[in-house]
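All remarks here apply to the structure that follows.
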């Protein structure tokens, strides 16, 4: 099972990726983890990537694709792999196609943006214990206070509404076009393209997992 998982930030990709990887016995691969591992291992590609990152620059698509090819040749990818957050742009998808990286499925977890904003901007946490709450779905007994200690809850910068909206704008501009890219490719060239499936990412975690596994069995 070789697949790409697509979806906006806050769509619940990480949770579903864990279930899918467990079910198929495949590793979850994110470009961040892959870069860190290559740099740590000191591979030639890792050294190149480190030099670029140390200079404060973005790692080129060519270098990322070479890292991807290296990574999926590892023994733990024998049964397949799941890409999370890659490709992020059309040029990366084109480069992956040109490099002959074979895929079985592209699965999109679709959640309306207003639901994502509500989901993320409502999160609150108690930093000392790691306890988390949600103002609507899992509120504390006393507004703004931790249930156990009574201490103030915080809202992480990443969860502030403006930050969430900005991340969704970047996703719309850069990554959302991949939905069109892969669905069109599947329609026009079904023999070579990965199967494209979209599922709703609203509902309970169990419901979404059932939808995801059903889509990948189809």
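Placement of Cβ uses the backbone N, Cα and C atoms for every residue, glycine included.
Cβ-based neighbour count (10 Å, all protein chains) for residue 14 (ATP binding site) stands at 13. Taken from Swiss-Prot, the feature ATP binding site covers 10, 11, 12, 13, 14, 15, 123, 132, 133, 203.
Under DSSP, the residues of the region 'NMP' (30-59) split into helix, strand and coil as follows: 22 helix, 0 strand, 8 coil. Summarising the annotation, Swiss-Prot assigns region 'NMP' to 30-59 and lists sequence analysis as the type of evidence.
The feature AMP binding site is assigned by Swiss-Prot to 31, 36, 57, 58, 59, 85, 86, 87, 88, 92, 156, 167. Shown in sequence order, 35, 49, 52, 53 are the residues of the chain, 6+ apart in sequence, with a C-beta less than 8 angstroms from the C-beta of residue 59 (AMP binding site).
Confidence across the region 'LID' (122-159), taken as the mean pLDDT and rounded to a whole number, stands at 96. Residues or ranges marked as region 'LID' in Swiss-Prot (evidence: sequence analysis): 122-159.
Marked as region 'Disordered' by Swiss-Prot: 127-147. Residues 118-119, 153-154 of the same chain, all 6+ positions outside the region 'Disordered' (127-147), place their C-beta atoms under 8 angstroms from a C-beta of that stretch.
Following the DSSP three-state reduction, the secondary structure of residue 123 (ATP binding site) is strand.
A straight line from the CA of residue 57 (AMP binding site) to the CA of residue 12 (ATP binding site) spans 29 Å. Within the same chain, residues at least 6 positions away in sequence whose Cβ sits under 8 Å from that of residue 123 (ATP binding site) are 132, 133, 134, 155, 156, 159. Across the structure, residue 31 (AMP binding site) and residue 12 (ATP binding site) place their CA atoms 18 angstrom apart. In sequence order, 109, 111, 201, 205, 208 make up the list of same-chain residues 6 or more apart from residue 12 (ATP binding site) whose Cβ falls under 8 Å from its Cβ.
The separation of residue 10 (ATP binding site) from residue 86 (AMP binding site), Cα to Cα, is 16 Å.
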